[in-house]
Structures are given as structure tokens and as C-alpha cells.
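These come from TrEMBL:
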{"type": "TRANSMEM", "residues": "50-71", "note": "transmembrane segment"}
{"type": "TRANSMEM", "residues": "77-95", "note": "transmembrane segment"}
{"type": "TRANSMEM", "residues": "102-119", "note": "transmembrane segment"}
{"type": "TRANSMEM", "residues": "125-143", "note": "transmembrane segment"}
{"type": "TRANSMEM", "residues": "150-167", "note": "transmembrane segment"}
{"type": "TRANSMEM", "residues": "179-198", "note": "transmembrane segment"}
{"type": "TRANSMEM", "residues": "390-409", "note": "transmembrane segment"}
{"type": "TRANSMEM", "residues": "416-434", "note": "transmembrane segment"}
{"type": "TRANSMEM", "residues": "440-460", "note": "transmembrane segment"}
{"type": "TRANSMEM", "residues": "495-514", "note": "transmembrane segment"}
Amino acid sequence: MAMRAACGCVSLIRLRMSVHQMNKWITQSFGRLIGRFGMQPELQWPSRSALIFSLHTTTAALLALVIAQMLDLHHPWWAAMTVWLVAQPTRGLLIERIGARLIGTVVGAMAGGLLLTVFFDQQHWLMLVLAAWIAACAGYGNLFRHFRNYGFVLAGYTAAIVALFGIQDPVLDVDLALGRIYCTVIGVLASACFSWTFTGKSASLESVYNRLDALIVASVHYSLKRLQAGTAHDAKSFSALLQELAALDLCLDEIATGSRTMRLRVFRTRDTLGALVDLLVSSHFDVGEKLRFPSDLLVATHPESAAAMVLAVINEVHKNTENLAAGTLFVEKLQRVFAALNACETPGREALQSTQQRDWHATCLAGSRPLIAMSIATAMWWGLGWSDGPMMVMTAVLFASLFSSHSHASAALKDVLVGSTAGAVLGVTCRFWLLPEVGTVWELALVIAPFLMIGALLMARPGTAKLAIDLNMTFLLIAQPGLQVDTSLEHTLLQMLAILGGVFTAVLTYRWLVPSSPGSQRKRLCKRIARLALKISDTPAPPAQARIYDQVRGLLTSLISLEKKASPLLIAAFECAAIAQLFAHHRTDEHHTLALHQQLENLATSRLASKKNTGADLL
């Protein structure tokens, strides 16, 4: 007994020394790898907040892995992966992420299990129905923001994970789907237990209201200057307004999380932002009408609140421009801003008209991306007769789905390549050097802790956060930490090649086949705005004109979030929207209609489609 205890102690000491040496080697090698890709993150000792985040996230992931392993679940590392995928800096975001993760996983696992049960012996039908499910989830998820989008996307690729892992087994095993659900629940509970104490609350909506008041005042002043006779366009002021508008819209996503009441207030606040976009559009008329106001109007309108200021401006503008089409429309837009602002402060369940419009073209693009990536990977799998082909298809679907609605997908996939490559190398190293020495679940946790800690430290920094998630996911997929490890080098290397092949397939799809970058997004949005603006001038029915203009405004809001500055392209889009607004609100007569239509054609075919502007070749 004494001899066995001594041998056990020696083995544990050797294991700990190996872990220490491996940790040092990993840090140095990964730093060199990142430097070669030109990213050069600061691999210095982390700040206190970053260290706390790394420690509690790593601890939660290790606990989830240990529990899943002790329960003898299929692929216990899924539980650890869940912890990384739900980790968030605030409680509201954590609640929303956990909810989306649970619902998406349950729905996706059930769909994947059902597909396996029905089509297990009919591989072609299985892949066909699975492709339709993935495309539908990614496409429909594009209609929603933030974590709701994530829930739909997750339901799509979870079904792919369950079906493609299950199809590799010689016999049908529906427990694979249940194992996926159990691992997700374990990972979510572990993350909630450790993260809740260390995460802070979301930003206060009151601070957003203060910023909103300032934005309203600045927007009204800018619009008045634009409409006055002889006032030139102030690109600097306009850019500042657009930047703040886009920043507020982004901030509202975080504040809305975790509370239905807060979500309703954010809905109303976003409606106010939509009213401001309408106001700015109404100030971009260039059809010969110049409005004149008292010289002291801007100086005199400085009441205590933004609402009072808007009301004062409404009264003054109405008195001076009641017989001008542009002036009366401007007053109507001021009144809508006033009503929306009051609704933000008034309790109740009713909300004003939502500014969000469905962009079905973007929906089709989002659904096509994972579908195309899956088709390419499946063709390679069947063409080569590769036994690890399902792993490549699964990886291609996973990353193509995750970035299906991402406006910077092409750039983000650079991080995916770096993180996945590093994670694959670390996974192979861990699987063959350390995991064969493991005998208990606690030794297993000790072995993989240094690897996960590196990913956590990188995740705590904004510049390397996405890279870190891909690193940890690929590491866990390759290493497959458990007490029973397949030590076949050939099989492991083929799995690594399949995973990286799936990543390259997603990159190919987003880089060349169905691009998703700020430039391609701008091009698509401007093309749609130009075509809808021309369409509205040819549509006689007032209800149809109003619906088309709502689409124009929604697309313009999306373009503002991308552009964030008064570029020639965005200014031309505003002018197109301004003329479309005139048609939608019937502020034109027969004499002006032909001139306005000609001006729209000039904007659409020259300025919006100019070769000198980003997003050329629009029509």
C-alpha cells in the first residue's frame, strides 16, 4: 500500500510538472503565433477585472466538465463549451444569453434527434432536410436582434451537431440529443452559479435618457439650420449626430436585457430614435423651398427639458411656415418626436409605431450563407468518401450560421482562423501528451485548466475576445477531454483537418461567394433605398407609399449604424429618403412630381451609384 501511495504521489508530481511546463510553452508559442498574424495583443499580466473574469469562467467550465464526466454523458466537453458561449459581462446579458442558449439548444437537439430517428438510414434525405432547417433558422433569425437572433441560429446548428455526430455511429443513438441538452443545462447552471456574483448590472436607462435629450436638442438645432435659407451643409455636426444615434441604438440592446419592463421602455426609446431619423430626413429637402425663421429662434429655445424645447420650436416654426409643404411636414415630424419622447416617460403597455422594418433581402442572404457552406462541405465529404467528413460539415455549418447576420463577418473570420488553428494545435498536444496520464476527473480538470485559462484571459480583452471563444471551442473539440481518450494519431489529425477544413469553407463562403462586410452591406442598403425611392414615386396608392417609405426609413437606419459619418453616400441616401418622404406624405402637386422624380433618378443613378463612393455599381 505504501509503495502504491508513493507511486501515485510521484505520478501526480510528474503530471503537475508537465502541466507547468506545458503552460509556459503554450503562452510563448501562442504569443508568437498571434504576432505572426499581425494582431499583437498585449499578453501582459491582466487587470484585476480581467483576472476575476478569467478565474470564475475557467472554474465554471471545469466544474461543468467534471459533472458531465461523472454523469457519463455523451461528449462531456459540450458542458464546458456552453460556459464559454454564455459568459457575459453584465447580469442582464447573462440572463438573455442563458435563456437563448437553453431554448435554442432544446429545440435544436429535438430537431436533430427527430431527423436522426426518421432518416438515419437515408443519408441524402437527412442532409436535405437538415439544410432546409439550418437555412430557415439562420434566415428567420435575421429578422431579430441580439440574443433572439442567437437563439434561432443556435437551434439551427445544434440540430446539425446532433445529426452529424449521430450519423457517424453504426447504430442509432437518440441519447446523443439528450446528452446535448443535459450538457447545456449543466453548463448554464455552472456559469450562472459562478458568474452571477462577479457580473455587474447593465447601464442605467436614465443615463441613456440624458444622452437622448441632448441628441434631440442637437438634432432640432441642426435641422433648423439646414432648412434656413442659405445655410450650407455642416458635415461635422451631421457626423456627430449620426455617431451618437448609432451609439445609442447599440447601447439599448444591452439595457433591454433581463427585464420585460425595461424592454418595453427601450422599445419606446428606439421609437424616439426613429422619429429623430424622420426629422433629419425632413431637413434634407433640396427642392427649391427655403424656410425662414426669426434670427433669435435657436437662442430663445432653451427650456429646461428637450420636450419643452421641441414644443417651443413647433409653435415658432408653425407660425412662420404654415403655407409651405416642407415647413408643415417638418412640423409634423417635430410633433412625432414630441409624442415619442413623452411616451418614453409615460407608463403603460401601448407603444408607438416601431421603426424596425423587415429586410427580406437580408433574410434570404442570411439563410443562404450556411446553406452554401454546408453544400460545399457535404460535396467534399461525399466526393472524397471521407469518414471524418461530417465533422467538416458540422464546423462549416456552425461558423457560417454564427456569422450569418454579422455585418463584419469577413473580418471576424480572420479571428476564427487564428483561434481555430491555435486551438487545434493545443488540442492535439493536450490529447497526446497529457490526457493519457489522467486517471480521475480531478486530474482531468487539472490538466486542461491551463489551456482554458489562456482562452479566458484572451476573452477578457475586447480585441481578442472572439478569437478566444474559437480557440476554446476548437481546443475542446480536438482534445475531447475525458477519462477515455482515443489516442490514434491518424484519426485525431484527420479530425483536426476536418475542423479546419470546415472553418476554411465558411471563410470561402463569406469572402467570395456571399460576402458579408461593411462595404457589401452599404452597397446592398443603398441599392435598396434607391430602388424603393424610385418605386414610391411611381406608386399612386397612399397606403402603399407609406409602407414603402417605412422600408426606406428602416434601411436608412441600418445604413447609419454602418456608416456613422456624413459621407457623400449617406448624404445622397438621406436626400433620396427626403424626396420619398414628400411623396409618402402627399406634399407634392403635379408640377413638382415630375421634377422630384427626375431628381430621384439623378440621385439613384449618379450619386448613389457613383464609382467614387463606397458601394458603387448599385443599379
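Keep in mind that glycine also has a Cβ here, set from the backbone N, Cα and C atoms.
Model, not experiment: these values are computed from the prediction.
Where the transmembrane segment (77-95) meets the stretches 50-71, 102-119, 125-143, 390-409, the count of C-beta pairs under 8 angstroms peaks at 50-71. The listed stretches are 50-71, 125-143, 179-198, 440-460, 495-514; of these, 495-514 has the most Cβ pairs under 8 Å to the transmembrane segment (390-409). Annotation: stretch 50-71 has the most Cβ pairs under 8 Å to the transmembrane segment (440-460), among 50-71, 102-119, 150-167, 416-434, 495-514.
Residues 365, 368-369, 372-373, 376-377, 380, 386, 388-389, 391-400, 403, 409-410, 413, 416-417, 420-421, 424, 427-428, 474, 477-478 of the same chain lie 6 or more positions beyond the ends of the transmembrane segment (495-514) yet place their CB under 8 Å from a CB of it. Counting Cβ pairs under 8 Å to the transmembrane segment (150-167), the stretch among 102-119, 125-143, 179-198 with the most such contacts is 102-119. Packing against the transmembrane segment (179-198) from elsewhere in the chain are residues 52-53, 56-57, 59-61, 63-64, 67-68, 71, 73-76, 78-83, 85-88, 91, 94, 98, 101-102, 105-106, 109, 112, 158, 161-162: each is 6 or more residues past its ends and has a CB under 8 Å from a CB in it.
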